[in-house]
Amino acid sequence: MPPAPADVLGSKPLDGGWGWMVVIGAHISIGFAYSTPKALSIFFKDIQEDLQAGYSEIAWISSIMLAAMYAGGPVSSMLVNRFGSRPIVIMGGLMCGVSMVTASFGSSIAYLYFCIGVIGGCGLAFNLNASLTIISKYFLARRPLANGLAMAGSPVFLCFLAPLNQYLLGTYGWRGSLLILGGLMLNCCVAGALMRPVCKTLACAPQQNVDRPNKCKTKIKGSCVKNTKKFVDLSFFRDRGFVIYLIGNVMFIFGAYAPIVFLSTYAVSQGVEKYSAAYLLSIMGFVDMFVRPGTGLVANSKWIRPRIQYFFSFAMVFNGTCHLLCPLMRSYTLLVVYAVFFGVGFGMVFALIFECLMDLMGNQRFPSAVGLVTIVECFPMLLGPPAAGLLVDIFGDYKYLFLMCGSVITTGGLFLFVMNIYNYHMLEKEKRAKDRERNQTNIENQEQMSISAAEMEQPEAEETEMSAAQQGPESAETK
């Protein structure tokens, strides 16, 4: 598909300049947003023993945090449309820092659900949506590359947070580690400060009189109010392409995070030392770090850009196949191989997941669309890891966890591939039908114009004949 139109006020994005500083800020905020729920799994074994919780109970911490992050999408989109990305990211950073500091004093699993899950998840929602929205306003032609670089924050931060958390856990315990992690997450406030409002530099034309700035501000304010009222636009469900994307995405989200949450504990159950098990997440993050921008470059090419939805389907099938093969990996060497391929598949999917939505919806509808997508995805996000943990509690074996996640993700990828073929076929068919209808209308209009012209010419001919007839007798009398 061709690139979506420019922003809502009609100005073409710069595709560079200060936009690269915005990408750095988004890299930091998105990095914390996606890596924190994964890196927290390092503490789960100690929290489980300290608070006497089961596998499914401990998995609810990451699930609630991720679900709150996704469910807060519409609220975040509304606030971004009203106040801009900068204050929302700063507020999200403060909430994340406070959530980790207060969680370090927790004495029950329910208290951690509220502090880490609800408060921290809402803070991550503000960071994520605001960062994605401002990138779509600063970039158009280079948008896949910008999205890939920003989304690379997740593997970069995971690569360093996993061994750092393991070190902090061994030195200060899980409580002291959460306290330090809360201080680190305050850096999201610095990232938010880099997100200069795009309206002030792109939307207003050069001022020719004193009243022009007020008119521009009034136009921007009216646009924000309009977008605020429509931050959950249910008309998206009448868009066939959006519904196909949403179904496939929900299937991926259900199985995406449980393998990450339980990867280190699965490695320990196979006899791997704790630090080596933590490094599996770092290996995955390291590979993911290079795959995301690389995928952005590939997706930006003239061969892949028009077929980006199919590329997304392939990435999902590749990711699901890795999980299906994981139960066969029982040695540390094979687990490292699994982590490498897992990083490749995971990186490809998350480098494309929002770019595909932008491709379908365009810049103008993307903020509302991403808010609706995230609130729908919070349900599989909430249920996926606990369902996987319940399988471990029931069967006492991790292989059923990976088989379930792999089968769901692979099915979702195949669904997207088949349904995108159908969708593009129907779009082409509808386009041909509209062209035929337009041509038929033009032919009918031309025929109608011809008939009207003929009807207008007939009275003129009759008048000419009558004039000639009258002139005949007059000539005879004259002679």
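Backbone N, Cα and C atoms are what each Cβ position is placed from, and that goes for glycine too.
The following features are taken from TrEMBL:
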DOMAIN    21-424  domain 'Major facilitator superfamily (MFS) profile'
TRANSMEM  58-80  transmembrane segment
TRANSMEM  87-105  transmembrane segment
TRANSMEM  111-132  transmembrane segment
TRANSMEM  144-164  transmembrane segment
TRANSMEM  176-195  transmembrane segment
TRANSMEM  242-266  transmembrane segment
TRANSMEM  278-298  transmembrane segment
TRANSMEM  310-330  transmembrane segment
TRANSMEM  336-357  transmembrane segment
TRANSMEM  369-388  transmembrane segment
TRANSMEM  400-422  transmembrane segment
REGION    433-479  region 'Disordered'
COMPBIAS  440-451  compositional bias 'Polar residues'
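Sequence-distant contacts of the transmembrane segment (310-330) (same chain, at least 6 residues past either end, Cβ-Cβ under 8 Å): 248, 252, 255-256, 259, 270, 295, 298-299, 304, 337-338, 341-342, 344-346, 348-349, 352-353, 356, 398-399, 402-403, 405-414, 416-417, 420.
A contact between the transmembrane segment (336-357) and the transmembrane segment (144-164) is present, since 3 or more of their C-beta pairs, 6 or more residues apart, lie under 8 Å. Secondary structure of the compositional bias 'Polar residues' (440-451) per DSSP, as helix, strand and coil residue counts: 12 helix, 0 strand, 0 coil. Across the domain 'Major facilitator superfamily (MFS) profile' (21-424), the model assigns an average pLDDT of 83.
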